[in-house]
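Undergrad: According to Swiss-Prot, the protein has these features:
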| type | residues | note |
| --- | --- | --- |
| BINDING | GLY11, GLY12, GLY13, HIS14, ALA15, GLY16 | FAD binding site |
| BINDING | 270-284 | NAD(+) binding site |
Amino acid sequence: MTASFDVIVIGGGHAGCEAATAAARMGARTALVTHRLSTVGAMSCNPAIGGLGKGHLVREIDALDGLMGRVADAAGIQFRMLNRRKGPAVRGPRAQEDRKLYAAAMQAEIREAANLVVIEGEADDLIVADGRIAGIRLIDSRAFKTGAVVVTTGTFLRGLIHLGEKSWPAGRVDEAPALGLSVSFERIGFTLGRLKTGTPPRLDGATIDWAAVEMQPGDDPPEPFSVMTSRITTPQIRCGITRTMPATHEVIRANVHRSPIYSGQIRSSGPRYCPSLEDKVVRFGDRDGHQIFLEPEGLDDTTVYPNGISTSLPEEVQLAILATIPGLTKVRMIRPGYAIEYDHVDPRELDPTLQTRRLPGLFLAGQINGTTGYEEAAAQGLVAGLNAALAAGGGDPVVFDRADGYLGVMIDDLVTRGITEPYRMFTSRAEYRLTLRADNADQRLTDKGIAMGCVGAGRAVHHRAKMAALSAAKALATSLSVTPNEAARYGLSLNRDGHRRSAFELLAYPEIGWGEVAAIWPELSAIDPGVAVHLEIDAKYDVYLKRQTADVEAFRRDESLVLADVDYDAVPGLSNEARARLERARPRTVGQAGRLDGITPAALGILAAYLRREARKKTATASA
C-alpha cells in the first residue's frame with residue numbers, strides 16, 4: 001500500500017466534507033478521496049441550506065464546530081426564518097446560496113484543515129483483513145491502509161439517470177457513477193436496495209418575465225446559521241413565486257405515460273415529501289395549481305432553480321410545461337430535469353455511531369444510508385467522522401440520543417426503524433421539540449463537543465463567554481421583581497394575589513416581551529440583544545421545559561438499560577414474535593427496543609426485569 005491514514009473518507013459531498021474535517025479536528029490523520037477537488041462541496045440539487053427541521057441540523061452541526069453553517073453564511077444570498085409566526089421550537093432557519101461561493105468556501109475549508117489531505121481518484125474496492133476494514137483501493141490500483149473508512153457516496157453508487165424514455169449511468173449530470181464499491185459491498189455481504197431522487201430543469205433567469213411573478217425578499221437583517229458569524233456581508237437578492245396552471249396539468253396528464261416513474265422504467269421509491277411534478281398532478285388531481293419558487297443560483301449567474309417542479313418527463317414535454325406557467329412562457333431551459341436511481345444500504349446494518357455491524361471500522365453517512373438532503377447527510381457525516389477517528393485511535397464511541405438533538409433523532413430512526421423511502425428530517429419526528437430548538441443548539445451540544453475534542457479553541461472561548469453572559473442575565477432577571485400593583489403602573493395586568501413576580505417570570509406571559517420588562521427595569525437594556533432573545537424564549541417555555549425534563553429523564557433511564565450480548569432465547573416470558581424481532585434488530589438498549597415495531601410494553605417490562613435479575617446475579621457472584 002502506498003500510504004497509511006487513520007481515517008479515509010470516500011466522497012467529497014456534504015457528508016464527506018463534514019466527516020473528513022471532523023476526523024481531522026479529532027487529531028486523526030485523514031484523507032478525503034474524491035473524483036476532483038473542483039467538485040468538493042457541490043450543491044447537486046437545490047441551491048439552499050436549512051429549512052424546517054433541516055435548519056435545526058445545520059445549527060447542531062455548527063455547535064459541534066462543523067462546516068455547513070459557516071459556509072452557508074459566507075455564501076448565503078437570501079436568509080429567511082421559516083415559521084417565524086409560530087413558536088421558537090418549530091422555526092427553521094433557511095438560506096438561499098450562491099452555488100459557486102458555497103463550493104469555493106467549502107473547498108477553502110478543506111484545503112486549510114490541519115491533518116487532512118485530498119486524494120483525487122475513484123475508490124473502487126474496500127480492503128478487509130482479519131474481519132475488519134484495513135484499507136481501500138482506487139480504480140487506478142493505488143491502495144491506502146487505514147484504521148477506519150467513512151463511505152459518503154451520495155447518488156454515485158451504480159447511479160442511473162432517467163430522462164423520459166432515455167437512461168444512462170451517472171452519479172450526477174456529466175459525472176460517472178461509482179460501480180466498484182457496490183460490488184465490494186455485496187461481496188462483504190451487504191444487501192443493497194435502490195432509491196430514487198429527482199431535480200427540476202434549470203432556467204435562464206434573463207428570459208423570465210419577473211414582472212409576472214410575485215417577488216419575495218429575505219429577512220432584514222438576515223440571521224446567520226453560525227454563532228461564529230457576526231453578520232452577513234454577501235449581497236442579498238429576492239426570489240420569485242409563481243404557480244402551475246390547469247393547462248400545465250393537462251400537458252402532464254397527456255404525457256404522464258412517458259414519465260419513467262409511471263412507465264415502469266423506475267421501480268424504486270422516491271422522497272414522499274419532495275414529489276415530482278407529475279406525482280403532484282396524479283396524486284393531488286383536485287388541486288388547480290402548485291406553488292413554484294424561482295431561486296437564483298448566484299449573484300453572477302443567471303441560472304434559476306424552479307423549486308417545486310422536479311420532473312423526469314422528456315425534454316420536449318418539460319418545455320411545453322414551462323410554456324404554461326406565468327412568468328416562464330418564453331423561458332429558455334438551460335438543462336432539463338431528471339430522476340436518478342442509486343444503491344443504498346439498509347441503515348439497520350449500522351449501530352448508532354454509524355459504524356456497520358457487519359464490518360468493524362466501516363462507517364456510512366448520507367444517501368447511502370437512505371436519507372435525502374444536504375443537511376441530513378452533513379449531520380451524519382459529522383457523527384461518522386468523529387466516531388471513525390475514535391475507532392481508529394482506540395477511543396470510546398460517541399452516541400447522540402434522541403434527547404441530545406435532531407441528529408440523534410435522525411440516526412436513531414435510521415438504525416432502529418430503517419427506511420422504505422428516502423428519509424427527510426422534520427420537527428415532528430422529535431419527541432422533545434421544546435428542548436431541541438434551533439436557537440439553543442450550542443447550549444445543548446457545544447460543551448459535549450469540547451469534552452470530546454472536536455471543538456476548536458476559538459469557538460470554545462466564544463461559547464463560554466456566551467454561557468456566562470446568559471447565566472448573568474438570568475440571575476439579574478430573576479433578582480428583579482414587582483408586585484401586581486407595581487406592574488399595573490406600567491400597564492401590565494397581573495392576578496392581584498399579592499405575590500411578587502420576577503422579570504423572568506413576567507416574560508413567561510404571552511403578552512409580555514423584553515421591551516415591557518426593560519421599561520420597568522432600565523438595567524436590563526444593557527443585556528446583549530442576542531442574550532435577551534434566548535432569555536425570553538427560556539422564560540416562555542420554562543414550565544413546559546420542566547415537564548419535558550422529566551420525560552427526558554425517563555427516556556434516559558430506559559436508554560441506560562443496555563442489551564449487549566443478550567440471548568433472547570434465555571429471556572423467559574417473551575413471545576416468539578418479540579424474540580425474532582429483537583434477535584433481528586439487536587437493539588442497543590431497552591429504550592431502542594421500545595421503538596421497534598411489534599415490541600409491546602409488556603415485552604419491555606420483561607426485558608427490564610431480566611436485566612435487573614442478571615445485574616443482581618453478577619453483584620452476588622462478585623461479593624461471594
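The count begins at 1 with the first shown residue.
Any Cβ shown, glycine's included, is placed from N, Cα and C.
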Undergrad: What is the separation, in Å, between the Cα atoms of ARG272 (NAD(+) binding site) and HIS14 (FAD binding site)?
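TA: For ARG272 (NAD(+) binding site) versus HIS14 (FAD binding site), the Cα atoms are 22 Å apart.
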Undergrad: With an 8 Å cut-off on Cβ distance to the GLY11, GLY12, GLY13, HIS14, ALA15, GLY16 Cβ center, who else from the chain surrounds the FAD site?
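TA: Checked against the 8 Å cutoff, the neighbours are VAL9, CYS17, GLU18, ALA19, THR34, VAL40, THR152, GLY154, GLY366, ALA377, GLY381.
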Undergrad: Given GLY11 (FAD binding site) and PHE284 (NAD(+) binding site), what distance in Å do their CA atoms have, once rounded to a whole number?
TA: 37
Undergrad: Using DSSP, would you call PHE284 (NAD(+) binding site) helix, strand or coil?
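TA: It is coil.
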Undergrad: Enumerate same-chain residues with a sequence separation of six or more from GLU278 (NAD(+) binding site) and a Cβ-Cβ distance below 8 A; give 'none' if the list is empty.
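TA: The list for GLU278 (NAD(+) binding site) reads ILE252, VAL256, SER259, ILE261, TYR262, THR311, SER312, LEU313, given in order along the sequence.
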Undergrad: Compute the C-alpha separation of VAL282 (NAD(+) binding site) from HIS14 (FAD binding site), stating it in Å without decimals.
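TA: Between the Cα atoms of VAL282 (NAD(+) binding site) and HIS14 (FAD binding site), the distance comes to 33 Å.
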Undergrad: Got a sec? Which of these binding-site residues, ALA15, CYS274, VAL282, has the most Cβ atoms within 10 Å?
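TA: Highest number of other Cβ atoms within 10 Å: ALA15.
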Undergrad: Whole-number answer please: how many Å between the C-alpha atoms of GLY12 (FAD binding site) and GLY270 (NAD(+) binding site)?
TA: 23
Undergrad: Which ones in the same chain are close to GLY270 (NAD(+) binding site), with CB under 8 Å and 6+ residues apart in sequence?
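TA: Spatial neighbours, sequence-distant, of GLY270 (NAD(+) binding site): LEU195, LYS196, THR197, GLY198, ILE261, SER276, ASP279, ALA339, GLU421, PRO422.
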Undergrad: Can you figure out which of CYS274, LYS280, PHE284 (the binding-site residues) comes closest in space to GLY13 (FAD binding site), comparing Cα atoms?
TA: CYS274
